[in-house]
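Record features (TrEMBL):
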- 5-47: domain 'Helitron helicase-like' (DOMAIN)
Amino acid sequence: MSSIKYNPHIAAAHFHFRFKTFLEDVIKPKFGVIEYWFRYEWQARGIHLLLGHQGPSWNPDLHGAGQQHNNDPLIRLIRQPTLQDLADVVNWVQRHRCTPAYCLRRRRLHDDPILTQDTNPKFLVYDGSRNDAWLNNYNRTLILSWLTNIGTSPYTSVHAVINYIAKYRSKSEKKTERFNQIAKAILPRVNSSRGLASFVAKFMNGLLSERDWSAQEIHHLLLNLDLQEGTRIVRSVDCRHPDQHWKADFVPVDDETTNVRTAKNTYQ
């Protein structure tokens, strides 16, 4: 633990390369993924979070039943995984432990998989067969190979895919508060009998709780690791009025200038 605490770059590099291996050796061969996108996020105290989506190469008929892929990469990674192994992992990482005031929501029990709008009235959501109202959906291959909480949900429509992409690809991080804003927020809670000591204590606690940049995130950037990755090339297009465009002298690479102008004319 001391090595991780004082060398957070180890955790940052390990998580990155572990997921890339997971993507290449498990997700792609098991689900036939040819299109993917993912991004890194860091929650409270530097906890890693991955958001992404994958597109399989088979079952082109979106209205038909999918095919079961015979290649199971877990056979090479875990020797004879059993149902007891699955039960142990699922009960440890996939059961809701939230408080009633947060996100705790019971789900209906049913013997067969269903498509429901209980959790999202706008789109149909796949809910696998369940005998536990507090259990999150999971995929056996993913949960046994990753060994931590994973939220999985098959796409049910094109609109659901677009909604997911628009929500998470355009999601911005919370802006860091200035020191004077933190100070103003804690002033009403300062103990008048302790005065400056109370203010300093609450201010320092506020700095710790509002820490937006974890050590792992900083070292992730210092290691020059990508914050997001996908199979599609993304080109930024400034769609504002030409008078508001940022102008700079640059040396065009190949046909870059023409492509940018074509894209701008297309979307304006």
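Glycine residues also receive a Cβ, built from the backbone N, Cα and C atoms like all the rest.
Any TrEMBL annotation is an automated prediction that lacks curation.
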| remark: the domain 'Helitron helicase-like' (5-47) resolves under DSSP into 29 helix, 10 strand, 4 coil
| query | Mean pLDDT, the domain 'Helitron helicase-like' (5-47)? | reply | 83
